[in-house]
Amino acid sequence: MEKLVIVGAQWGDEGKGKIVDLLSKDYETAVRYQGGNNAGHTVIVEGKKYILHLVPTSILHKHTKGIIAQGMVIDLEVLSKEIKDLEVLDIENRLFISDRAHIILPYHKILDRLFEKKSNIGTTLKGIGPTYMMKYARKGIRMVDLKDEDIFFNRLEENLEFTKELCEKVYNERFELNKDEVAEDIFRLFKPIEKNIKNTFKIIQTSKSVIFEGAQGVMLDIDIGTYPYVTSSNSSTLGLSNGTGLHPKYFTDAKFVGVSKAYTTRVGAGPFPTELKDEIGDALRDFGHEYGSTTGRPRRCGWLDLVALKYACDTNGFDEIILTKLDVLDIFDEIKVCIAYENFEDFPSSLKDMENARPIYKTLKGWKATTKAARDKSKLPKEALDYIMFIEDYLNTKVSMLSTGPAREDYLYL
């Protein structure tokens, strides 16, 4: 059985969607196992752009089954729209949703907004965090619960009362959600996909080849990321077992691949040691079109942080790294990479230490030649190859592939 795990090695937005699309064409089954519609994978196929938030990217291959596994939280409105947008690909009979996956409800989004006003973490306000919060408080509503109206209405009523009290007594805000209206909307969206609700654990276990698609990135992982400026799930390889229901031994023969940009970006608040708030940062953003596919927010940009990337490799066991957006660096005479932080030997776990981390840079010669759409290693400038070799040596991990542009065909193997 062939198993491939693709995970973002930075703060998300590394270009995983295209990589997954490229590598998944021979796989029988594709699995999303954590997160929700707080991340978007963008893929361009035959000139048409697809932005997928919940449905696995690999389902764009017409022979591939797509699984939304138990570790995900699902906004039924968003899922319904994605299925409709992909109607031409006839995905309805190839998409399976875990009966254990939790559902995002309107009160989760209200709570998200209220929490964000207090904490300013930089959440997408999609209700993701509060859905996970209620999951772990044992107050969540799962897909399977929609098949039993008594369970659903009891949970819904309890959660609406809890949210109403929180809104009115703690945040001094009116709460106007109506139980019957919420239920009507949920069942309207649920009925068309009810046939797709399955025990997805069994489907994965019996598949001959499986690709696992991570969302966000290692540095946003709830446990090993830059806490508290993280997402609400394990967006690293740590989330595989609990996100799918598969035991850890299942993954012992899997290949783990991390995807990283040739520089670093981050959306929202949180520590970012190599951030550039100057014309170089602006150039990276403009030339790299660095705006979030889900939020449209401009991304913060900076030089490649090898300290953070090495930490991601070590904590996730990456067998290979795939480097994206190398072509964005074509415009620079010199390129810097962070090889250490002042006063810190290891990647800090303390927020205060991370905010005070000062990068120590190594300056490498730029290539000032186009690598855009390069599809052959022999066509790459020597300085670009030197840059890749420096990264490999520092990480002690092979860079196996480059993405050199947005089109599906813009890539090369090393």
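Sequential numbering from 1, following the chain as shown.
Cβ coordinates are placed from backbone N, Cα and C, and glycine is handled just like the others.
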#### Entry: Residue from Thr200, Thr206, Thr226, Thr231 that Swiss-Prot also lists as binding IMP with Asp13, Glu14, Gly15, Lys16, Asn38, Ala39, Gly40, His41, Thr124, Arg138, Gln216, Arg297
Thr231
### Task
Go through Lys18, His41, Arg297, Arg299, the listed recorded positions, and name the one with the sparsest Cβ surroundings, counting other Cβ atoms within 10 Å.
Arg297
### Query
Which residues of the same chain, at least 6 positions away in sequence, have a Cβ lying under 8 Å from the Cβ of Thr404 (GTP binding site)?
Leu326, Asp327, Thr371, Lys372, Ala373, Ala374, Arg375, Asp410, Tyr411, Leu412
### Query
At the level of the C-alpha atoms, what whole-angstrom distance separates Gln216 (IMP binding site) and Pro298 (substrate binding site)?
16
#### Entry: His41 (active site, proton donor) - helix vs strand vs coil (DSSP)
strand
### Query
Which one of these binding-site residues, Gly12, Gly15, Gly40, Pro298, has the sparsest Cβ neighbourhood, judged by other Cβ atoms within 10 angstroms?
Pro298
